[in-house]
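If you check Swiss-Prot, you get these features:
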DOMAIN    15-142  domain 'RNase III'
BINDING   E55, D128, E131  Mg(2+) binding site
ACT_SITE  D59  active site
ACT_SITE  E131  active site
DOMAIN    169-240  domain 'DRBM'
Amino acid sequence: MQFINKQSEQLFIELKAFFKQYHVFIKERQYYLEALTHNSYANEHNLSYTYQRMEFLGDAILAKEISLYLFLSFPDKNEGEITNLRSKIVREGTLAELVRRMNWAPFLLLGKGEIKTKGYEKNRILADIYESMIAALYLDLGEDVVRTFINNTLIRMVSNPGFFDKIRDYKTELQEFLQAGDARTLEYKLIKESQPLEGNRVLYTVVAEIGGIRYGEGCGYTHKEAEQLAARDALQKLATKSKYHFEK
């Protein structure tokens with residue numbers, strides 16, 4: 001427990017330095033420790049808390065703040081249009097990208113097993129952390145500080161022209177489509193790996209299989225890029241066979 005206390009002290013010092021960049025001066029250490037504690041870390045260290053409760057609160061706060069922002073910023077858009085915008089802003093892939101850009105991964109408290117499986121790269125965990133930290137800020141410093149922080153981070157990022165074209169998460173879209181009414185298993189398989197090309201880069205070819213049937217194929221210089229392109233290809237093909245609307 002002494003190690004955890006020392007680690008938490010150093011972590012809080014680093015967090016204070018991070019938030020100071022945004023003119024945010026955090027106070028209550030425990031809120032932020034809880035917001036950063038994954039259940040795998042809590043299990044290993046016999047802690048009574050994880051970030052899940054904070055994530056629950058942060059999710060609600062974020063939905064409210066983004067709804068208010070969109071309502072005030074786009075008076076000419078109808079309910080359906082602003083709902084669609086909100087879903088794009090608060091979706092997992094968008095929040096995860098923001099956390100990557102802010103370099104919050106080193107602050108995460110993960111168990112050894114989760115570290116081994118690169119939990120600090122998983123979209124779900126990164127998105128959860130943004131929401132849980134929003135809750136910590138709300139409990140520590142209040143609504144006005146949270147609103148300003150969201151505007152200076154999330155809103156600023158998504159306001160860049162063409163942002164959503166760059167960040168679109170086709171893998172998540174495909175998974176959500178299947179979960180909505182298709183019980184078949186989705187798998188990504190590496191079928192080809194090129195010899196090192198210019199700059200020692202390797203080109204990977206991945207296929208997306210649904211229920212053992214190949215639906216999509218993609219090539220990229222990383223596994224992640226190839227999987228995203230395979231998912232995009234699969235979504236386009238599914239759009240021709242179902243009522244799914246593929247938004248290009």
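From the backbone N, Cα and C atoms, a Cβ is placed for every residue, glycine too.
Keep in mind that this is a model prediction, so the values were computed, not measured.
Counted within 10 Å of its Cβ, the other Cβ atoms near E131 (Mg(2+) binding site) come to 22, all protein chains included. Ranked by Cβ neighbours within 10 A across all protein chains shown, the recorded positions E55, D59, D128 are led by D128. What surrounds the Mg(2+) site, by Cβ distance within 8 Å of the Cβ centroid and not counting E55, D128, E131, is the set Y51, Q52, M54, F56, G58, D59, A127, I129, Y130, S132, A135 from the same chain. With DSSP states grouped into helix (H, G, I), strand (E, B) and coil, the domain 'DRBM' (169-240) comes out at 31 helix, 23 strand, 18 coil. Confidence annotation: the domain 'RNase III' (15-142) carries a mean pLDDT of 92 in the model. In this structure the C-alpha atoms belonging to D59 (active site) and E131 (Mg(2+) binding site) are separated by 5 Å.
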